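Database features, via TrEMBL:
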DOMAIN    1-100  domain 'NAD(P)H-quinone oxidoreductase subunit 2 N-terminal'
DOMAIN    129-425  domain 'NADH:quinone oxidoreductase/Mrp antiporter transmembrane'
TRANSMEM  15-35  transmembrane segment
TRANSMEM  82-102  transmembrane segment
TRANSMEM  109-126  transmembrane segment
TRANSMEM  164-186  transmembrane segment
TRANSMEM  206-227  transmembrane segment
TRANSMEM  248-274  transmembrane segment
TRANSMEM  280-299  transmembrane segment
TRANSMEM  306-327  transmembrane segment
TRANSMEM  333-354  transmembrane segment
TRANSMEM  375-398  transmembrane segment
TRANSMEM  410-430  transmembrane segment
TRANSMEM  466-489  transmembrane segment
């Protein structure tokens, strides 16, 4: 009895952050079903508190040893704890971004918060999933909530179209991934646990079989769609443009973080016996993503579509750390993902604020914005320049560490392409900044003429401005303390299962 109780507490502690979130969303569900008139402040407070408690628990667990629980289906180590805390942190920032938007669109609040928290739980479990069934179920938990969130503004035709496209393409990619998993199950002799699959492949000498290559291609295609890597990126611009902007902000970071954590686990454990093959293929995809994402972004007229192609190029930079594959590579990747959260969500916060006050997201309508709203203009400028990697902003130091680790590991072409495409990205970011700071043909466009700043106090009245300023500060000054951040992540990642041996 004592042993069973000890095992219960041990297993419970591994998924305690997720249990807190499930408890929070159940409270919101009960309040929604029980009370006809609901205090929306309490609903936001419950969701934000549960997310904050989850992050605090994960911070206290950072330097604990890896634990395999639930009969090998879930593994917690320092790597996935960091990525789970990233996902929860993104949700904390995205919920305030949606408050004003929900008021304007008159969307039901409880369901929105439940979908956000459920998607967060799915993403966090996916980071530590150690079993094919657990991986697929948690991935679908994240994906299904994403589809529902994309079509949340039911009266908007573009939102409905985006949801249908996302559902069809997401379902196709999940089918391909499941097909790859079925090959793994058969080749390993009927195993679903990742470590047991590896042992089964080695025992049956199937690691060089053609079936293993088919498995790799299917898994790569499935993950490529989730991460928006070229050539699996076609859905991204349409989904970004049609979905509600706070939802796009949430999906643009959480799906990438969860997908990266899953990719790291699969490639470093399942395909550890053939690292050269998958690294070459990933290197080609990273180069294509950086080139195509940045070149097509130049031609865009919508801010959301421009950010869609920008995110495609950003995932190309991020997977450089995955390709490097050693401790420094993973540390530089983790740092850049952390910085990317601030840069990307800060940009989206600025776009949400502008669209709420003007009703447009066309790039040309930003002309002369600095005259009416210097705060928004300055914040958006800092976040865009940081995304481009301009020194001495945060994004520059993130790319510097990433490219330096890639150069030391011998990936010279990858780093060279990364540097060239970073310069290209600065071109279209600076084009937007020039438009913001200068009136077009010395005439103020009608959107800026009618532009009204609703409230001078941003903390109590406008949470979108608070998130925007917070992210802009992070996009500007986090690079100053990059050395402590680097050593913090490096010390924690050294305890991961990837490097503990």
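In case you wondered, yes, glycine gets a Cβ from its N, Cα and C as well.
With DSSP states grouped into helix (H, G, I), strand (E, B) and coil, the domain 'NAD(P)H-quinone oxidoreductase subunit 2 N-terminal' (1-100) comes out at 77 helix, 6 strand, 17 coil. Beyond its flanks by at least six residues, the transmembrane segment (15-35) meets 42-43, 46-47, 49-51, 53-55, 57-58, 69, 74, 84, 88, 110-111, 113-114, 117-118, 120-121, 124-125 of its own chain at Cβ-Cβ distances under 8 Å. Sequence-distant contacts of the transmembrane segment (82-102) (same chain, six or more residues past either end, CB-CB distance under 8 Å): 17, 21, 44, 47-48, 51-52, 54-55, 58-59, 62, 109, 112-113, 116-117, 120, 123-124, 127-128, 244-247, 249-250, 253-254, 257-258, 260-261, 334, 337-338, 341, 345, 348-349, 352, 356, 462-464, 466-467, 470-471, 489, 492-493.
Per-residue pLDDT, averaged across the domain 'NAD(P)H-quinone oxidoreductase subunit 2 N-terminal' (1-100), gives 82.
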